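S.K.: Positions annotated as domain 'PKD' by TrEMBL: 301-384, 412-466, 507-553, 583-637. Under the heading region 'Disordered', TrEMBL lists 637-659, 817-852. The feature compositional bias 'Gly residues' is assigned by TrEMBL to 642-655. Taken from TrEMBL, the feature compositional bias 'Basic and acidic residues' covers 825-840. Here TrEMBL flags 843-852 as compositional bias 'Polar residues'. Among the features that TrEMBL reports, transmembrane segment is placed at 857-874.
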Amino acid sequence: MQIAVFLLVSISGIGTAAEIIVQPGNSIQAAVDNASSGDTIIIKPGTYTENINITKGNLTIRSESGNPEDTTIKSRSSTASVLSVQADNVKISGIRAIGASGSSYSGIHLYQCNKCIIENNMLANNGRGIYLQNSRKCTLSGNTATNNRAYGIVLGSSSYNTISENTAYNSSRGIYLGSSDYNIIAGNKVTYNNYLGFYECSLCDYNDVYNNYFNNTDVSVKSGIGNSYNATKTEGANIIGGSYIGGNYWGKPDGTGFSDTAIDRDGDGIADSAYRLPGGSTSSDYLPLVYPLNLPEPVPPTADFSSNVTSGSAPLDVSFIDKSTGTPVEWNWDFGDGTSLTEQNPLHTYSTEGTYTVSLTVRNEKGTNSKSDTITVSQNIGPSEPVSPVADFGTNATEGFAPLAIQFTDFSKNAVSWSWDFDNNGQPDSTVQNPVYVYENPGDYIVNLMVSNANGTVSKTLQIKVLEVEEEKILPVADFNTNVTEGYAPLPVLFTDRSQNAASTGWDFEGDGSEEVNYGTVVYVYTSPGTYTASLTATNENGTDTKTTTINVMRNPGLPVADFSVSATGGYSPLSVTFTDLSQNAISRSWDVNNDGIEDSNASSFVYEYSSAGTYTAKLTAINVNGTDTKTTTIIVDRKSSGGGSSGGGGGGGSPEPAKNVKVKELSQLFITNDKAVKFDFTKNATCVVYVGFDAIKNVGKTTTIVEELKNKSALVSELPEGEVYKSFNVWVGNSGYATPKNIEKPVICFKVEKNWLQDKSIDRSSIILNRYSDKKWEQLPVNLSGEDNDYLYFTAEVPGYASFAITGKATVQQAKTENTPIPAEERSIEDIQPEKQEAQDTETGNESSKNNRNTILSVGIVIGALGVIGLVLKSMKE
């Protein structure tokens, strides 16, 4: 098949929606397959024979003219729907879909669709006009469904849809609701449907049905919950031209429907009584519509008539047709030959020649009016050729499901009487010229019309086929998914069968029409490059269904060739270097630029900061499905001759903390994907940190998190926080600048505290705080006790980000007991009191000053003792 489409694309930016034009002779399916989200497919006028599957969302498919009469899609197969939609936000308009004549197939079939719009289409000669299955929030508006075998419009397990201003006629069923809730059915015209005009099953709840025109042989409504069959009475033009919106018009073709005969005394177009819905429902239409009897205001009649002839030879048969206006209720004919009749449309025979004045007088409650005309009858010279009748008639349908109502229309000529035999039993069933007959039972019937006049009788026959109503069949639904849709040959693809209601399935992986596998889930290997249409056909006793997808197999490009550029190969620390991937045939990459064996990035270009002096080997690994290739370069980082301190920052996963202050360090690695919770566990228990966690917003691939437990206060902080410090530590996540709110959410740290430390320092466990250093000050973060074992208490804390932290607590205040019994005065001396006082002072201050005081007192004692000894020596020398 030729594939030719024209793309009209706005150049305002990448991703702009396109208009795809389909010409007659080209494939609409090809246009759908080549379309992208947001595109519009415009179909030129013509007839297209194909079955179309739409599995891409956000597409518009419309005729160029907007007129479904000149743009027809005819089903290539009678056992497949013309248009099958399995996607959201699809709009179809201005198309005539015909020929899916199998009872289970549709002009348009929507399966598991949301927010689709189907408007201004014509659906004819299908099993079903429009079928909404397992779909929500769709709109069906302005469509015409006619002469469809089973249904005009049918909803199955579909809710929150709007069905408005559609026309459904001459099908077996007009509008049919099965297991569907919260739908709006309004403003539709549903007429001359053979079996049921409207049906709603007992599993349908909370549907609103109002302002519809139903004129069918029957309707059936079961007892659902919360359904409504009229709106609040509101001024406005209704479906039959009345002045109020209310309920629905419930008529029948033979004029015996509720709305056809209901009384409306006040002339508001609303019946004076409610309509109890047939079929087992306990609901009613409380505002059923009728044609107002007093609108328009009656006017005097105006007589008018015509005749089939105005002259001829005697005997002359003349048929008079009343054309009076003003709704006459009486007719009085004077044929001018001494005879008269009161029929509305009489037949009169003039036996003798002459000119006759025919007069018609009509009357209603507003008065009378008359009209006259002449009939000229000439003498019959010699025998005239008798005028015989010619029998002819037509029907609105010749086949349908029982009960089948048929409107018979007489087209006979020269007839004065009619005799209809509808069921071929030889007995006349009607003598009305244009009757309606209802066939209750399935079967083949021969209809015989006999027409007569004074010159004879003739007849015509026609066959009517009445079908037995089919039970609702459960059809298979083909469905599957694949693990990949494109790749390099040889390409293995996992096909997973997800079909429903299928007795058997068959796979065609290469679109060649041959069935490769006839069982469910399977792996198929595409060995040659190409674009393949893979299809799954699901079958049961009631029919088949097919789903397709496209597999694109590319030629293997071979091994990748690693290559990259750097902005600098040397300099003073801290040194920032931009790495740019220049590899060929690579589909991914991995960078290790500090020679620690850990991936630093998988981006195509990034900046890495070397914070410490040294010689580094930067390596790029290029990857594709066939293997890997590597390239390295050397980066030399020198220390500035000024001897300044080590650089700050943690770019590229490094740490600005001096190594001499790091007591112990532990690393944890994970592969990070977006919208996933991430938890870095530190299983070696080398530090006080148990795990670091957050929710990832972006894909970054393999990422390293480092925890450094410090010997002393971090070099990155100006001072320690308040309280007793248990541990100081740093946390570094990924490359520099990664752990920010634009990349992660809900960051958390879990840490542990030794019970022995709490006991030794008399720390109250409820006073434990995690402190974070930010903006040159400490921020206290509340913690939650998450568990404990014999040695540790475990705490978690939500943190604004990752940097330098300190765990602190507060000591419990001990109250010394006051002894009531003092030391007896006679047993206390200066020596007793002074050390006691000094000891109390030492306990209060808890610092080095108490030691200095004790040393000072001891030194004074020694000096005094020495002076005493010297004095005694001098005294002895004098003596």
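A Cβ is built for glycine as well, from the same backbone N, Cα and C atoms used for every other residue.
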S.K.: How many helix, strand and coil residues does the domain 'PKD' (301-384) contain under DSSP?
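M.R.: Grouping H, G, I as helix and E, B as strand yields 0 helix, 49 strand, 35 coil.
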S.K.: Considering every residue in the domain 'PKD' (507-553), what is the mean pLDDT value?
M.R.: 88
S.K.: For the domain 'PKD' (507-553), jot down how many residues DSSP puts in helix, in strand and in coil.
M.R.: 0 helix, 30 strand, 17 coil
S.K.: Going by DSSP, how much of the domain 'PKD' (412-466) is helix, how much is strand and how much is coil, in residues?
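M.R.: The counts are 0 helix, 33 strand, 22 coil.
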